[in-house]
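Below is one structure, written out as structure tokens; the observations come after it.
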């Protein structure tokens, strides 16, 4: 479904998620942006070029996945000789799950891997070729060896020489959007401040930090927590650790990634987190190469992963390592498990990740002037179609299809 860039599209017979409410209204798009119809009528004296009947769908901002290790046979940290093809493979296939933008995630790796892979994962606009690449999420190697999860212990590093070590290990940070680090490491606070000044989102995770260190990290500019509850100290009534940042009064409130797959995080934990800080929820898949594949052996970085019965473990162990759950499934599970509203579930996968990345002026909303990246959903929040820059880039042929009406 292609349109010329200057066409005015009016999406009708739909409801919209806008300004934290679901409303009955039309959506207007031109030049890949959402536009204000009042200005169109009264200032430009224009009308729609085409009307698109949405068949009663709910239009939501497209989902944004800020932590995805791969999928569909691709692992961004393992398939390093075929990075571009693997990136394209994942970007294309996550469209079916409502994802319009994402942050390809690299787990703890060697400096050689970072310097080979990072230049190949460039920020890229979305379209028919796949979801937009917002920048890389570097999850490690500056993490706690005691909370390494599935990360390679031999590649974990300290900030031995502060920010210089960061550059020595990664090389250029030009294509980087997020860095997960453990704030208790020596020199971490200095590094956090310098990364934030460079426009990089700092996320706290894979950490043994107590709440005081977490608060100091937040005061130095960290704005996100990586997969809450996983790979951090468990909540304790005398020292709640990083989990306590959800309600702290001693530092800015952080956004927190959470894996709502029913495996990594118990439904009760989801309800507690949402009740404590509903505006901070950022749904992430943390998906690995086995997303979309049958049971068997896959990879996460250099580790062998065994997938069985919808769970991914380090081969030969019971250690969880990433999920095989898609973003649309996470949204549905989160809504069911937390008993939150549809608005809250959708914003946890769209507005909140955009806010965490500092891009909510043009991503994650249906506000006037925002990028026209959105999805059409059924009553069960099933994805009917996915749109990027006002173009339909995926549609489920088994669902009601949008109908073009020539004006």
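Here the Cβ of each residue, glycine as well, is placed from N, Cα and C on the backbone.
Zn(2+) binds 139, 227 as TrEMBL records it, and from the list 128, 206, 237, 266 the residue named for this site is 206. Among the candidates 132, 150, 389, the residue that TrEMBL names alongside 230, 231, 238, 264, 320, 321, 322 for the substrate site is 150.
Under a cutoff of 8 A between CB atoms, and with a sequence separation of 6+ in the same chain, the neighbours of residue 320 (substrate binding site) are 149, 150, 230, 263, 264, 311, 312, 313. Each of the binding-site residues 206, 264 was scored by how many other Cβ atoms lie within 10 Å of its Cβ, and the smallest score goes to 264. With the fewest other Cβ atoms inside 10 Å of its Cβ, the least crowded of the binding-site residues 150, 231, 321 in this structure is 150. In terms of Cα distance, the recorded positions that sit within 10 Å of residue 231 (substrate binding site) are 206, chosen from 139, 206, 286.
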